[in-house]
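Visitor: I'd like to ask some things about the structure below.
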């Protein structure tokens, strides 16, 4: 409030007249003094304040006010004295201490008092810039003596505020004043990385002056040339930056002088150029910047000058921009350091962007403008004119860079729009997201035919911002997205363009550019728009000043409503229409289905907002305009009533396009047909042509062909309509989303297709359809096929779900190629099976590696020799726990090196290849067959077919490479060189592998005649060998004797997740039992974001041991709280999964510094904001006609048939080879693969909790697939020695490795130590061993130690993964013992049954006790998957009565456990064996063998009768039945089993009858176990066990040697889809034929009758259940304890919520009270204050005395 002197005198007189006493008058003096102070009557004010001080001398306010009056009179001494007295009376006045220090330093720095008050103020304001300036003044007065202290002061200040321009300049000046120029230059160079300093004109001026001084000093010394060149480089960069800032902020004269100085620097550097170095690259770039700034200066001169000749200036400016644009981009590799490279790259993009846009701007509307400029000014006279226009005529031209530069070689080259778009993206980074720069770029693109790439610009600035939000109705700042910012920029550019047009219409020359260069043009956006943009950038990049973020959030929140057109947005309808059209056009040009849906969806949003406004305009009503809108209204673009119909039509077209994008094709067609316009015709043509293409791709019937022709006719009709409308009205061409040429081209193509149909063209062959799989060609959608620009089309997918929309084309292509390749391979197999005279050809060093196409993998002929192209998966050496990621079982991509001559596809999965086992006859020792040595191949091998044929025939005749001959040397090193991996392998050579080039040279000799093909040379091998030779060690090369295993790619469980945060912390867990924090461990705390579903979780593992300490989701309801007593720790509560199950935990993380703790909190809250914006969208329903599924099914059937056919051929030929080699062969094994494809409806395991997928594999033993093209894959074979010669010379050893450990977790180690997995596509390589000479290995391997587990001589009747608990009586609650496989084991001898469970990994016993008849299982209350019982347990070594509980994941598994448990009690009484859980039943399943494979097999097989020897007959008669049924209504087909020798078994399997159970070989009762024979061979002590486990979706058997054991674990799966195969393989020296028969009838596997005594004992055991009543009571008590604990937690949570609510209410009351008190203070004494008295009395609960005082204050008496 201001008043005059007269008012003050009247008021003083009235108050003094009513005052009862002089003292009362004096007490009013303070108020009188304030009145005169406002009236600027300082003398009268001093008079009254002095009278007041005489009465109230202890009032600090009066002394402060008097000091202010003295300060205004510049009486510093008296002012300081008054301020000092006020501080003495009230020491809390911190600002007054700083004021005294400033006054003393200003008056006399040498005064000793100044230093005292400065130090006192420094303690009150640490880190204040004002304190620094005061200390700097004090040290400056000391001269040279204070330089060291001043240097320390500046350094400490820089540590706190590195961006402060004044401090940085002061440091450089201090260096310069002390002649430390090198340090000054180093400081300038270091500070160049700071963006805040680079944007300061004062700093850049300081840098230029410093570098110039340093260069002068270097020239005097002439010591270091490299230092001089580096400094010159920095000087040129500083000049360019200073020139840009000067043009923006200074006048024309200063800019001209600086440009002349820049010219001198370039001329000086030009004389020192030489070679390709950093200075040369920088000089070339600075030359471009020099000419660009020269052009900008010319236009700035026209902007500020009078009577300007715009034509002359614009032509000279165009010359400068042409030169700048044609300067090539610098060679970035010449620049040292990544920062320098990035800087120069950004500067180059900025130069090319600005110069290119200005060239287009200046030449717009002028024909051959650039050509005229080049012809006129690109010569000496034009150079002189340019020099005279820029510089003063006094300076000589020859000594300047501009006057001596050669400009005669420039071309007339207009910038390409694609290049400009790319340069713009790079320039965005150079300007750090400046709204002025973005608006300027948008204005340049606004006048061009193409759309600006605003989306790409914003992606450069805001990497992690989502593109669209699902919460358009909200205005929360956390929901801001890329589309909001893009809409904002479109609005700013739109309004700025209209404003420029209005200015240009008033006074504008034809040669004056519409938009001046960026450094010269005025501000293009309003202050409101700029402040909003800056606030958004500050919040997103987390650069808000503490305490200012709330204000920024309010600012952003207010304008988001406007951008999203919510509530009273006040937007002009024309702007809304502009937004809708631009977004629809941009969305149609994007390639991603999701991007199109979001852009066109936002366009529809704005159309819906503008349609009601159009109705208002149609009624000729006015639309209110806000007073201060975010986007200014321009009446020049107001929508007229005549335009409304057109806009409504555009809106409905956009609605229909969105329907098409979302897959609602029928709705889109209906909408388009209702709109009669060329746009709707074009979209209808696209839709019908797409339908025709879909049918043509799968056309199999005449009805579909006719439908395809109808669609093509409709397409033709709509295209003809477009052409007719365009001929009659040329204006409709502008509405077309594509050029007219695209319409004509598409019409021509459609006519050609119709002509082909009518004349029996490509789709017909001899009156019938061509083979769909071999001849069909996949057509791309017409939008991309016929549109000249990708921006003219949109994508939609009417037949597939959204997630397949983008991958459908590539998926179908891959399937067609697979089908074609499979058919060719089947035909080749038919041809090759009839050949028997081909020779086996072993690869030698002259055999080229490129004769086999990609995807073909040779067989492993030696034990454990893996293929070099095999995938890298888990093995026994590197086993990774799969507990945290279900992707563990997926196989990595095959590491195949493509070479020329390979197949057409760039990538073929390993499932397309197949391997053929090589018989052991192909590799023999010491057996000479001269006939084989004399033959040679007449034709070189050209492809894999020939190689395969020779391999098969060679094995059939029993011919192979022979060692032991002496005519020529044949070493293993040669073999290693000639093959492409370890061992002998057919496949591609890995050029990076040099493993066995020198191992075992001249160990064996061999004679091989003329088998090598002279046409195939080994040039590639020689090149590879030369690459590893060195000058000093050509003759010496050492190879390891035993190769290390290949490194396996470890699976951490964090695949597919992005690390948002990682920091080393110490984690604690609150133990409620002892009410204290317990340390969990040290490690890195990570915040991971799932890229698929957007969920965020927190994960921490201990150092070294990597045990999981924390693993839980981050939710929006979680709250971080500081740990009391520490500013470096945060605590929170979460449902943690680190121990396996969800468990509510209170966790705390302690950081090293408070800064790290604060950073964690910010990142945590940022993740919660990310979670708030996850779109809750459900995928669209699958609208599929089934064509893709049929094609996939057809391909899978063919592949399955191919594998069965190959297996049959391989086994048959192997058998023939064995019969012909009577003396040397033993039983060999073929290979087959049983593959059962999962149904399309088959889904993965159902989880109990939503959050349980963190440990999905931990308790899941079923592996299934829900995708047509995804299947679980197996791990790599176990790597062994290259040559395995440690087998016995007699006998045939067969070994098996389980394909999937069904009783344990996926991908765990089985008993033999091998890593197991599943693979339903890969072929199984069967290893074979033959009799021959025995060779001692060079380095013998250690003997295999048999691990004794204590479970020998026991059968596993039940095994499944579960969680085990023990009831703790002391604390009255259940405690977890561990997670692992719980087993029920029965001893073969005494039939005792026990429960055994070990923990995962550590294998510590959790349970080990007998099952007695008096034990009973009881369900725990609240869940039926938990069983509770009481037993005498020996897990800890001693007998102890325990109350135990086990929890299963699935209900059926829990029921199975109960059933087996009950059977175990009775089995012990009867002294009988229990039927294992795995052999109970088999689920009916589909045949894995395709019909095509059956047909091929029936055509190529022939019946063969084998003679069964006597022993075999006896054994075959006693085969044990194995349950394996297949219930099908049609012809049942089962893939042939392993080791099928002869056609009888095949005939049985492929008969029309229902499949019957079958067994393998000898199955005598003695020694057989669960259908598996373990009889010892006649002449050998070694035998091998085998167990084959087959799940419902996969079945695989792999060969693996193992030791003899008395029992074998029977693997099982949760869905009980298991087969048990019984086999017995007697080994003799003579050749033995094996035949597997299918018995017609077999007795049951287990049969037992109950005797009378057993029944009595069983009845008596039921009477003993009363003994367990106490146990049940204790369990009930334990359950109650758990419930009470949960109730306690709920109560504490309720109390916490109530406290939070009370705190919120209290905070609101305090805020209200503060507002009331402020209002009370500023109101005049009287009735207005009295009105607030009741409110204040009520809220403060004042006493009567206090109320009286407050009333007096309200009246103005006190």
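The first residue you see is number 1, and the count goes up from there.
Just so you know, glycine gets a Cβ as well, placed from its N, Cα and C.
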Visitor: Identify the region 'Disordered' range according to Swiss-Prot, selecting from 1581-1622, 1623-1664, 1665-1706, 1707-1748.
Guide: 1581-1622
Visitor: For the region 'Disordered' entry in Swiss-Prot, name the matching range from 1278-1306, 1307-1335, 1336-1364, 1365-1393.
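Guide: Range annotated as region 'Disordered' by Swiss-Prot: 1307-1335.
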Visitor: Identify the region 'Disordered' range according to Swiss-Prot, selecting from 1216-1248, 1414-1446, 1447-1479, 1480-1512.
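Guide: When 1216-1248, 1414-1446, 1447-1479, 1480-1512 are checked in Swiss-Prot, region 'Disordered' belongs to 1216-1248.
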Visitor: Could you check which of 716-760, 761-805, 806-850, 851-895 is flagged in Swiss-Prot as region 'Disordered'?
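Guide: Matching range for region 'Disordered': 761-805.
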Visitor: Can you dig out which of the ranges 68-121, 122-175, 176-229 Swiss-Prot describes as coiled coil?
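Guide: Among 68-121, 122-175, 176-229, the range Swiss-Prot annotates as coiled coil is 176-229.
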Visitor: In this predicted model, what is the average pLDDT of the domain 'GRIP' (1703-1753)?
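Guide: For the domain 'GRIP' (1703-1753), the model's average pLDDT rounds to 78.
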Visitor: Where else in the chain does the repeat 'TPR 1' (60-93) make close Cβ contacts, counting only residues six or more beyond its ends and a cut-off under 8 Å?
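Guide: Result: 30, 33-34, 37, 42, 45-46, 49-50, 52-53, 99-100, 103-104, 106-107.
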Visitor: What does DSSP give as the helix, strand and coil breakdown of the domain 'RanBD1 1' (1037-1173)?
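Guide: DSSP composition of the domain 'RanBD1 1' (1037-1173): 19 helix, 61 strand, 57 coil.
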